[in-house]
Amino acid sequence: MKTDSKQIIHIDQDAFFVSVEIKKNSSLAGKPIIIGGLSDRGVVASCSYEARKYGVYSAMPSRMAKQLCPHAIFIKGDMADYTNYSQQITELLKERVPVLEKASIDEHYIDMTGMDRFFGSMKFAHELRQSILHQIGLPVSFGLSINKTVSKIATNECKPNGELYVKSHEVQDFLNPLSIKKIPGLGDATYLKLSEMGVRKIFTLSQIPADLIVKVLGKNGFSLWQKANGVDLTPVVPYREQKSIGTQQTFDIDTMDVHHIKEIITGMVTNIAYELRQKQKLTACITVTIRYSNFETVTQQAKIPYTSLDTTLIAKAKELFDKVYNRRMLLRLVGVKLSHLVGGHEQIELYGTAERKYNLYQYMDKVRNKYGISAVQLATTIPPKKKY
Ligand SMILES: [Mg+2]
């Protein structure tokens, strides 16, 4: 059932945001550090291993983290810095590996299949890790195995500063004793359902008939069951082939009404930012396209720190529109695209009003999930009544 042919490396920075902060200020090393919203309503974006010892973890409310680890040092964090280091790491890897997927701000998959005969995947991965450690100066771990899931679990098991090779004949023995919580993508609700059935170890999950799991968990159950059996057929998607999220709108009547166009842009960005959050992704690049009535098409693009926040993206889109729309000519189309997508939901630019807004967005997303995207919009986003 398992294919011997694949050699997949999962390489993941150790406590990435914290490590960047320590690189900036070495006196923080060895201390319990929490990155994230400082206010009562904030959440932990990342925390050091010293803080994890107290039970602090990512996405936990900051208030709870403070109770668990009162002497922790809270740092507000700087997404621009983290994005910068993230891109340096990607560049370093891109130059050296055949097929690279950027999975999140601090996580990459490398498909070494075919290359392993020439290099020896373990030696190659070890050297990559050393390069990141010495050239970028940030701690990193990797797992090497037959597919993405097993490699990622291997990384998580050997962190921090670890390397782990799980050979194809060792996969099931490696997985069996682990908690099902270690399976990437297995959320709290699923864990609850499975543990109510007495399923807590990967071994137990792997032994249950697949159709029973599907009955209990639906479609998603089958892929979890496969993972428990060491099977994951999802390919490493090369960096350049990763999809973007975008939308465009052709006006009923060509227009020069900048105010109206900006309202349309606001609506479009609201929708695609929602889609971005639904897919649990962040973007680092935004593009605005306009088409004049003579069909001439021009675009403006900007690199931004990783985000999925409406407010940030709307402001940037409007700014790009102002730059790109520089001829006094009617427009027939406007489009917005978000690219350089990676997995993640860390929102560390959230303080004060932005944080309150984020809570508002989370609430709005919940309503949209239930009643559809147009059920709730910010007052400024509601499209104006047609004047024509
Ligand atoms: Mg990491």
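Note that the numbers count up from 1, one per residue, in the order the chain is shown.
Using the three backbone atoms N, Cα and C, a Cβ is placed for every residue, glycine included.
Annotation source TrEMBL lists active site at GLU107. Look at TrEMBL and you will find ASP12, ASP106 tagged as Mg(2+) binding site. The annotation domain 'UmuC' is assigned in TrEMBL to 8-187. Annotated site 'Substrate discrimination' per TrEMBL: PHE17, in sequence order.
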About how far apart, in whole Å, are the alpha carbons (Cα) of the residue listed as 'active site' and ASP12 (Mg(2+) binding site)?
4
Entries of ASP12, PHE17, ASP106 (recorded positions) sitting next to ligand 1, with Cβ under 6 Å as the cut-off:
ASP12, ASP106
Which three-state DSSP class does ASP106 (Mg(2+) binding site) fall into?
coil
DSSP secondary structure for PHE17 (site 'Substrate discrimination'), reduced to helix/strand/coil, please.
helix
Quick one: Cα separation, PHE17 (site 'Substrate discrimination') versus ASP106 (Mg(2+) binding site), in Å?
9
Per-residue pLDDT averaged over the domain 'UmuC' (8-187) comes to what?
94
State the count of C-beta atoms found within 10 angstroms of the C-beta of ASP12 (Mg(2+) binding site), not counting that atom itself.
22
Minimum Cβ neighbour count within 10 Å among the recorded positions ASP106, GLU107: which residue?
GLU107
